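Asker: Sharing the features that TrEMBL gives for it:
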| type | residues | note |
| --- | --- | --- |
| DOMAIN | 152-486 | domain 'RCC1-like' |
| REPEAT | 168-219 | repeat 'RCC1' |
| REPEAT | 220-273 | repeat 'RCC1' |
| REPEAT | 274-326 | repeat 'RCC1' |
| REPEAT | 330-383 | repeat 'RCC1' |
| REPEAT | 384-435 | repeat 'RCC1' |
| REPEAT | 436-502 | repeat 'RCC1' |
| REPEAT | 503-538 | repeat 'RCC1' |
């Protein structure tokens, strides 16, 4: 704030300006004094110790990173300084907490997921994260960074699509043979249609699977519609009942859910405490529990993740990835079918319990974004590197060939960009850079990669791409892309959504069921170039 313009004087501590209007300081007329950094009266005194509330305000007001808060206590550069930050601050709500711990707690209390938690739930989360509010803050921030909770989003499901506005309203369109659009009918919708039965319910996250949809509200409730099952039987279909309007999942009413991920044989949900629960696919204990294929009760994912907080889950055709936040850093665990090496452990062995993917430690890479395609997976590291592994058919791993990779491998051709987002589908991958550029590679079927050259734009729109290529058609929208979603199913032709920072939605790929949300001309079944979808997601 400009103190001259506002008429409010400001005080500067360590290059951080604090407005006097928000402090209780009384400023006496200015007198130049000689003062050394450890105070005048008591050698070794830290100057701000006289009024630590100012320090607390600075730490919380500037939204310091949890790692920076930890450095204040761990620093040995100024012993008096770190001693001050480590000592109990004698402030409410916990007089034993240090200034940096109080700052972390204050910033936790500003997070939407943390606010409604009871005191005992908060304390349990603290212990689960490692016994520190700084670690809780890190967990909460990681969850926000790798998802689009509380923001607009679009999901390109198998034959149908879901769009969520930043205010929590939901639109759906496309195939509706099982009632997966939630409008109370079985009729296809070729334009985005508002699900009116959700009036008064704010949705923060959506997941779409073959013939079914799940929505998560800001109150942690889960609503499902479409097929009445949470997974397909391994051999043949299952479930005859169709649910055509969103219905709360009663078996999850005592779990505050923040995310859902739908595979083919199972469904996974993530609680706000970072616990993973799965439905279905329990035959032979494939996910660590023995259940019937049509079991509607959630089971906790057992094994190493029972005591490790998870910030995001991603479901492939027959496997699950979990991004975790631990005191030592971020990591990824995998469980399920290992065919093609998609679990990332250097083999093709199935895993009944989550197992740590150790290759990221070898690569010195901190995973921040995780995506599970039908048969391959991808991760974006904190430094912007992109890793892929699993089945390499059609070049979907981006390594210039169609080889399988059984451990995560860095895409060298993307070394000149810093990636912030990755999306995977059925043998297809998209990467979004920090600058908003979009790269795609893999299977070119149904024009879902967004590449088209030559006369009339028809040149290579169906060609497979073995190395990442920039999607030049998206550069023409002249706006930064922040999210890409594409169909993750082996049974449907793929379509793709690109969401811009102003919440404009562009669609391309297969649209024969109306899943693009745009009209197609006669005899046309797909769009090779991105087209604006007429829906307001802001």
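Placement of Cβ uses the backbone N, Cα and C atoms for every residue, glycine included.
Walk me through the surroundings of each of these features.
Answerer: As a summary of secondary structure, the repeat 'RCC1' (168-219) carries 3 helix, 24 strand, 25 coil according to DSSP.
In the predicted model, the repeat 'RCC1' (274-326) shows an average pLDDT of 85.
Taking DSSP states H, G and I as helix and E and B as strand, the repeat 'RCC1' (330-383) has 7 helix, 25 strand, 22 coil.
Assigned with DSSP, the residues of the repeat 'RCC1' (384-435) fall into helix, strand and coil as follows: 6 helix, 23 strand, 23 coil.
Sequence-remote contacts of a segment are chain residues at least 6 beyond its ends whose Cβ falls under 8 Å from one of its Cβ atoms, and for the repeat 'RCC1' (503-538) they are 152, 154, 156-157, 159-161, 163-166, 171, 173-175, 188-192, 446-448, 450, 452, 457-458, 461, 473-474, 476-477, 479, 486-487, 492-497.
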Asker: Which listed stretch (168-219, 220-273, 436-502) has the most C-beta pairs under 8 A with the repeat 'RCC1' (330-383)?
Answerer: 436-502
Asker: For the repeat 'RCC1' (436-502), what are the DSSP-based totals of helix, strand and coil residues?
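Answerer: Once the DSSP states are binned, the repeat 'RCC1' (436-502) shows 10 helix, 23 strand, 34 coil.
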